[in-house]
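Take a look at the structure below.
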Amino acid sequence: MSVLLYRLGRFAYGKPWYVIGGWLAVLASVLALLVVNPVRLSNEVRIDGTPSQQVIDDLARTLPEASGGQGLLLFKAPDGARINDEKVHAAVLAAVDAVYRHDHVIDVRKALAKEVAKGADSTLLQAQTAVAKAGGRTPAPLRSDGQPVPGVAVSADGKTALMQFQFDEQTYELPSGTVDSTVKAAEQRAARGGLEVLPSASMMEIPEIVGVGEIVGVAVAALVLLITLGSVVAAGLPLAIALVGVTVGVGGAFTLSTVFEIHSLAAVLALMLGLAVGIDYALFIVNRERRLILDDGLDAHEATARAIGTAGSAVFFAGSTVIIALAGLLVIRIALLSTMAVVAAATIAVAVLLALTLLPALLGLVKERICPARVRRGARQRTSAAEHGRAARWGARLVRHRYAALTAAILIPAILAVPAAGMRLGLPSGASYNPDTGQRRSYELTSDAYGPGYNGPLLVAVDSTGGGSLTPGTLAAVTSELRETKGTTSVSLAGMNKAGTTAILSLVPASGPNDDATKNLVTAVRDKSAQIGRAHGATLGITGFTALAIDVSDRLADVLPLYVAVVLGLSLIVLLLVFRSLLVPVMATLGFLLSVSAAFGLTTAVFQWGWLQSLIGIDATAPVVSLLPIIITGVLYGLAMDYQMFLVTSMREAHVHGQSALEATVTGFARASSVIVAAATIMVSVFAGFVFNAQPMIKQAGFALAAGILVDAFVIRMTLIPATMALAREKAWWIPAWLNRLLPDLDVEGDKLAQRIPLPRPGTSQPLDETTQPVG
């Protein structure tokens, strides 16, 4: 591997424009496709096969007009005014009319007019009347010329009007800009009466992916690079690699969004990983190249080739570990997670390829300027001092006090993990958004004016079992039993198919979408649905925000053990191949379990318990997003193995070159610690930048990854691993002889490279052994 990568690095350095031209062609192709194809991302969390999703799928067949995405607009009257004031009332009616006239909004007024024309023969009107009598009190409808306006309710204080409507397709399937244009159409008419229009969280099309926080994170990464590498040129290369990587990786995913459903979190996750990993991988290689120039006196060409052959090997296997961790999501066969895995893994693969090809090509343009003359002066003296400097002293202290270090490194993440025992899972509602967002204001105003349950009504699908129509008496009886269920505010008829065989009841809980009381209500309705159905000749199915959240959480909890087993198994094999040791892969994995537990504990404490919330711009507690545990587990494992790879390969390199296990631990730690600290700081900065994103799912993902990397890099890799290696001594590198013979030699440390291509004379590319020429 090292010899092959050496040749690749030497070629890219010597023929830079060949490589640069190839990547420019790829970049241009992606950008051209982005111009032609509109970006369509989804915010829907859909997992096929769950009970709530099955209800939605069944409705798409029996009652297609009720299967589209739901919309909710809140109209707030100006201070001192009421909705029924003449000017305000006219503006609300105009806004409602504009929404219903939109191309992709179902205009229920037409269907209602036909039913009204039927008079007493209308099955729908009879059903509405029967359900209304049994379903409890509901807000008064907005009226026009004495007739109720369908889908619009006025609050008891008369200050707000709530419009509920449906699109003809799910929101992620709508043409780009549809939701936004619907809201703007309502705003333009409502402005005539001074009304404020607030869309619900479900009306949010695409969250802000890159904002001020993300830019600040990248700026911090740039500063760390400048401090670590000591020159603007050297610091700029990793940033360039990362930016090209996310453009190709994330941009490529965007071009496919018109063909495949891609969740917004998939794009953000790929962006996070692409930036962080792209910078880190390039940093490791540039740092190794500079060390070869400064320590061994090589010229830039030879130093680049050897850096690709050695550090590049570690980058290749580190990237492979991340990709394996992400690819494990494919095993659990959930389309949403599979898409996330493919997009993120492809972005990581692009980052690895760029680090191994485009980076040496750019170094071929920079040449000797990567290490200016002023930097080279006294380099050997500085290197010697560094070998015995703070990093080496700290490494020696860890070795000397290994029992205390090991105990502290276990206790710290264990304590941080305690809150995870009480972690609740759910989906983000309007209450999860930042206080200054429209989604949050809409949620709070709806709760105050109508009750918290109106932010997440449940839908109960009632189907006739005998093939005949559902009678008004049957619907009234079903409604009455649902109304009597503890935690129910009201039940109303939301729709009915023409044949009268399927009806949808809207059940408004007394509590909010993520409250435990609402979850208990869903469970209670499901428990009694069979009994109700048998008594009245119908089958009942329940869906809606809370039902979906329960089903998603349960399904992901069921598959998490399988996913963890697959990822750990595959990754242990990769680590065994790389380190040729039984103990090192096991230590790496056990350390990861501590760091991921700490990440979940910190995420629970901040978002669910409310600790230090003001620091990240939120003021309300919320459950941990259901998708996060499985995603964070895979991503964090892959990233943790990056640092394990770079730290322990440095130790192994010193060991195979003759040092004892204890000496190799200190030497490897001294050589790798500074670049690992820089890389971890960069990764934490990039992830932390996403904590200030307005979208709750992105905010939690950024925080969990930043917290996990912080604990893993500084507590696990930089403390627990050296202490454990010191305790194990030579046993850390033990492997049965028969297994050692079976394993292929991947040569991550570059031993074969050193044997086949000895180090050249200082300042040249000419080998010391005149009979052995550099390859390429």
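Every residue, even glycine, has its Cβ placed from backbone N, Cα and C.
Summarising the annotation, TrEMBL assigns compositional bias 'Polar residues' to 763-776.
Sequence annotations record features per position, and here TrEMBL assigns domain 'SSD' to 215-365. Per-residue confidence over the domain 'SSD' (215-365) averages 86 (mean pLDDT, predicted model).
Positions annotated as region 'Disordered' by TrEMBL: 757-776.
Per TrEMBL, transmembrane segment is recorded for 16-36 (among others). Remote same-chain partners of the transmembrane segment (16-36), defined as residues 6 or more beyond its termini with a Cβ less than 8 Å from a stretch Cβ, comprise 244, 247-248, 251-252, 254-255, 354, 357-358, 360-362, 364-365.
Marked as transmembrane segment by TrEMBL: 212-245 (among others). If one looks beyond the transmembrane segment (212-245) by at least 6 residues along the same chain, the residues whose Cβ comes under 8 Å of a Cβ in the stretch are 23, 27, 274-283, 286-287, 290, 347, 350-351, 354-355, 358-359, 362-363, 366, 369-372, 375, 674-675, 678, 681-682, 685-693.
Per TrEMBL, transmembrane segment is recorded for 265-286 (among others).
Remote same-chain partners of the transmembrane segment (307-336), defined as residues 6 or more beyond its termini with a Cβ less than 8 Å from a stretch Cβ, comprise 1-3, 5-6, 8-10, 12, 45-48, 261, 263, 273, 277, 281, 284-289, 292, 342, 344-345, 348-349, 351-352, 355-356, 359-360, 555-556, 559, 562-563, 566-567, 570-571, 574-575, 578, 627, 630-631, 634-635, 637-639, 641-642, 645-646, 649, 746-750, 753. Per TrEMBL, the feature transmembrane segment maps to 307-336 (among others).
Under the heading transmembrane segment, TrEMBL lists 342-366 (among others).
The annotation transmembrane segment is assigned in TrEMBL to 403-422 (among others).
Per TrEMBL, transmembrane segment is recorded for 560-579 (among others).
As annotated by TrEMBL, transmembrane segment applies to 591-612 (among others).
Remote same-chain residues near the transmembrane segment (624-648) are listed as 45, 265, 269, 273, 276-277, 280, 284, 314, 317-318, 321-326, 328-329, 332, 336-337, 340-341, 344, 348, 423-428, 549, 552-553, 556, 559-560, 563-564, 567-568, 571, 575, 578-579, 584, 588, 591-592, 595-596, 599-600, 603-604, 607-608, 668-669, 672-673, 675-676, 679-680, 683, 696-697, 700-701, 704-705, 708-709, 712-713, 716-718, 721, 725 (criterion: CB distance under 8 Å, separation of at least six residues from the stretch ends). Annotated transmembrane segment per TrEMBL: 624-648 (among others), in sequence order.
Within the chain, the transmembrane segment (669-692) has long-range Cβ neighbours (under 8 A, six or more residues past its boundaries) at 211-218, 220-221, 224-225, 227-228, 268, 272, 275-277, 279-280, 283-284, 287, 386-387, 389, 391-392, 394-395, 398, 616-617, 639, 642-643, 646-647, 650-651, 654, 698-699, 701-703, 705-706, 709-710, 713-714, 717-718, 722. Here TrEMBL flags 669-692 (among others) as transmembrane segment.
The annotation transmembrane segment is assigned in TrEMBL to 704-728 (among others). Here the transmembrane segment (704-728) has Cβ contacts under 8 Å with residues 272, 395, 398-399, 402-403, 405-406, 408-410, 412-413, 416, 583-584, 587-588, 591-592, 594-596, 598-600, 602-603, 628, 632, 635-636, 639-640, 643-644, 647-648, 651, 661-662, 665, 669, 673, 676-677, 679-680, 683-684, 687-688, 691 of the same chain, all six or more residues outside its ends.
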Quick test of the contact rule: Cβ under 8 Å, at least six residues beyond the ends. What residues does that give for the transmembrane segment (342-366)?
5, 8-10, 12-20, 23, 233, 237, 240-242, 244-246, 248-250, 252-253, 262, 266-267, 269-271, 273-274, 277-278, 281-282, 285-286, 289, 300-301, 304-305, 308, 312, 315-316, 319-320, 322-323, 326-327, 330, 635, 638
Same-chain residues at least 6 beyond the ends of the transmembrane segment (591-612) with CB under 8 Å of its CB atoms are 409-410, 412-414, 416-420, 422-424, 618, 620-624, 628-629, 632-633, 636-637, 640-641, 644, 700, 703-705, 707-708, 711-712, 715-717, 720-721
